[in-house]
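Novice: Once you've had a glance at the structure underneath, I'll fire off some questions.
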């Protein structure tokens, strides 16, 4: 059971991230560097949030469980806000270094930055859980949900994708100065984090989060310049004469929005 | 010596994509015009092939012709291309170091997490004689500081000794020393490592097989490192040696001493490489004066110069091991001094000027990083993996911190174009992230995971 759960959950949680990384980021050194830099920014934001939480816990009454829980909620909210603040800082850095002359466009940096936030956030959330899933144990023996591992894996996958989409939308919103978009991104992040508070009640937390992921994905696709026509073009390259030419054309058209 | 001059022309005029990570050993750039003209082709190797073999004056006349055409537009277009190539080239160099550093860390962390032997306490090196098993915190701190002082002094003495040997051209002694130390690493330490891994996984291996495996591994390693071998095999051996040495340090350095030593050695590195009278700086300068590659034995090089028309590739690029000097101590006590001698050395490869380079050279300029840097990065991450209460977040945070430090150091290298210490920034970030993640982030993430909350 141990190894199977480990590999299954790891695959669920990091499958999309790994695929995206291998197909789009690994080949280009500059993108890898942007990825690591994004991860660093996220880590710094987490550090500051943990510091705030830690200080607040130590200044409060340790015995009061309700207070500790609300401090945790407060800590989570602060963490979300700090993550978005550091995403803005990352965007600032990207804008400064992208002066029209670099081989990586702002759009690509937006995507890679979002992916980096997603990967590091997912890893930090789930890696200890995955490590525990190998070892001997019984899930939920004290009355908690027995589906802990698999739901954690799905939540992580959703989070990775969400961060990627938020990155694209965020950078675009900053570029076009659409502050309501920014606000919406922050709000949806807070909403996602808030939904996880409903957690053993997985219908109420997982399903809305996945719906949110789909909607955000669609929004990011539209922001990046994708459209229904592009998708059709990409799909129409299956079958018919001149397949290869059309295939490249279709794929180019569909991905042109993102990888201009 | 026309080929040499041409060579310096050719290596300088694509200066914008090549020497941005070169050390200052290369002669100064002849003219910016050359660079413009070169990058116009947009292809580094294409223009290198064009340029080599041509002398300087045709270039200048060509430049004269060029300057009459629509220069402003062209210049900005050329500038853009240059910038782009520079950035891409610089990024490629960063990745060329990210990969081996990551591999070394992966080996160390995988071993630490699976083989119990390297986390068990079985005594200490004689370089850290003070025990940390003391009742009071103050005493423990004092002992660790004393251990650090002793360790750093030993390192300083060994480095100075090495620099003196180099200065007075005692090459045979140095080579003998390096061969002895790589012998020990490749045979003895590998034997111990293999033994422990087999014990962990409860795999039986008979002595003849063991002998065969170790003999082949060690012999091929010695050949690859000290003589000639495929570049990637050399690099693999260097990574394995660094990992083995790091594991020894992780096992034998007591807890607090290890952290204080890491801090102290990055300060030492900073001073040794940047101060005018620092031993490492003197080493670099002496090697530059003599136009010799700096201690190929202790440096990981990401690329080699291949020349057509030459019998062998430039083996100076290969580098073996890491120095261990085990004069009178017992088997397991080792000291890595010239590795520390080169621990600061983050330098780029310059072509060995004594070799004539023909027009078909394929110069793959690489970046060099001292093996001591690999070792100390791995010690930091390995210690984080060993002592952070089973937490993977700390290990990952240290890993990201070290990579970012390396990235920043390489950026500085591109700006300053001379040998820079690779330890300070990475180790500082690593230490900050270790302590803060272990003490602040871990409880936060654990509490969140307990309630299955995601941020």
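Glycine is treated like the rest: Cβ placed from N, Cα and C.
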Novice: What range among B:173-195, B:288-310, B:311-333 does TrEMBL describe as transmembrane segment?
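Specialist: Per TrEMBL, the stretch marked transmembrane segment is B:173-195.
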Novice: Which stretch, B:94-112, B:145-166, B:234-250, B:396-416, B:422-441, tops the Cβ pairs under 8 Å count with the transmembrane segment (B:207-227)?
Specialist: B:234-250
Novice: Are there 3 or more C-beta pairs under 8 Å linking the transmembrane segment (B:94-112) with the transmembrane segment (B:234-250), counting only pairs at least 6 apart in sequence?
Specialist: yes
Novice: In the same chain, which residue numbers or ranges, 6 or more beyond the ends of the transmembrane segment (B:396-416), come under 8 angstroms Cβ to Cβ?
Specialist: 20-21, 90, 93-94, 97-98, 101-102, 105, 346-348, 367, 377, 380-381, 384, 422, 425-430, 432-434, 437, 441
